[in-house]
Amino acid sequence: MTQFLPPNLLALFAPRDPIPYLPPLEKLPHEKHHNQPYCGIAPYIREFEDPRDAPPPTRAETREERMERKRREKIERRQQEVETELKMWDPHNDPNAQGDAFKTLFVARVNYDTTESKLRREFEVYGPIKRIHMVYSKRSGKPRGYAFIEYEHERDMHSAYKHADGKKIDGRRVLVDVERGRTVKGWRPRRLGGGLGGTRRGGADVNIRHSGRDDTSRYDERPGPSPLPHRDRDRDRERERRERSRERDKERERRRSRSRDRRRRSRSRDKEERRRSRERSKDKDRDRKRRSSRSRERARRERERKEELRGGGGDMAEPSEAGDAPPDDGPPGELGPDGPDGPEEKGRDRDRERRRSHRSERERRRDRDRDRDRDREHKRGERGSERGRDEARGGGGGQDNGLEGLGNDSRDMYMESEGGDGYLAPENGYLMEAAPE
């Protein structure tokens with residue numbers, strides 16, 4: 001279909017001109033001709049040097065030997081510098097050391113951001129301060145982390161020396177000591193090979209791990225020929241740390257056991273309380289049933305007694321008729337027409353009824369006293385009392401009169417409720433007459 005396009009569009013589809021041919025700059029590898037062919041090194045062997053005439057090989061320095069050499073050179077150079085500075089060091093003629101040396105306190109390990117006003121606020125609590133000198137680097141002008149504080153009174157310096165050591169200022173615990181440069185004869189600072197610290201004495205086998213005023217003083221003042229006393233101190237410190245850890249573990253276990261015992265006792269108390277409440281509810285239900293049955297029995301006995309009294313009055317009015325029929329309670333054939341068994345039988349009925357009422361009253365009082373004793377024993381938590389109460393309650397259930405199962409308080413209450421003439425207090429709802437002689 002392109003042949004039907006107009007000429008201007010057909011010109012766009014026309015092919016380009018071919019790439020012009022250029023001759024190569026070099027010949028191809030197979031076209032090259034070598035004038036001199038390859039040969040070996042045999043003709044040149046006679047030009048080599050004789051091995052017998054070669055110089056001996058030079059021994060190169062290894063990496064370990066180079067490091068040891070540099071360390072040795074550094075130590076020698078540092079010793080020379082220390083000897084030179086020792087000749088120039090004189091703390092008594094130092095222009096920066098001013099004031100009384102026995103009133104000056106040395107404070108180290110100070111935070112680099114701590115200012116002089118902050119140090120003054122922290123150390124003024126021990127006494128009035130005369131001057132504070134913070135040490136700065138001469139080259140960079142930055143603080144070096146220690147200062148000298150001069151107090152107006154020597155006693156204030158001693159107080160700060162005792163109580164300010166280990167005080168945390170701006171997140172760092174400072175170390176407090178007296179100024180030893182002008183007070184101790186032959187004293188040398190740490191940079192000149194002296195000082196009290198044992199953390200920079202050498203390698204890991206010589207340095208101590210923990211630094212501080214007390215530890216370093218013990219390190220320097222410890223007598224004995226031991227070449228490495230810090231090992232004994234580290235061993236003692238590790239032993240003390242293990243003992244403290246064991247004591248903390250024992251105390252923690254003791255607290256856990258006490259808490260478990262408290263929980264166990266509380267659970268046992270709750271269980272005992274639930275058991276006693278169930279027993280108390282059962283006793284109350286039993287007492288309620290007993291009272292209802294007693295009330296019904298009492299009403300029945302009252303009706304029977306009224307019927308007997310009513311029937312007994314008819315027998316006494318007509319003795320001739322009563323002689324033919326024997327009474328209900330007495331044996332047949334014993335009562336005559338004029339015999340005195342009728343009034344005696346009534347007296348026995350009254351005595352029997354009185355004993356029954358006394359027994360019911362005693363049982364009611366005994367139940368009430370039992371509940372009261374149970375509550376008392378629950379509050380006291382005495383097992384012996386509870387065991388004695390159970391024995392008393394079990395032993396008093398089979399008695400007829402019910403007084404042996406009662407305590408002294410219950411027996412006294414029962415005696416107080418009974419009158420001097422044989423009458424009981426009107427708690428039963430009616431008064432009982434005394435039995436005839």
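Heads up, the Cβ atoms here are built off N, Cα and C, so glycines get one too.
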In Swiss-Prot, the member of Tyr126, Tyr136, Tyr146, Tyr161 to which phosphotyrosine is assigned: Tyr126
Listed residues Ser137, Ser320, with the one flagged phosphoserine by Swiss-Prot: Ser320
Record feature phosphoserine (Swiss-Prot), assigned residue among Ser268, Ser292: Ser268
Which of Thr2, Lys118, the listed modified residues, has fewest other Cβ atoms within 10 Å: Thr2
Thr2 (N-acetylthreonine) to Lys118 (N6-acetyllysine) - Cα separation in whole Å: 96
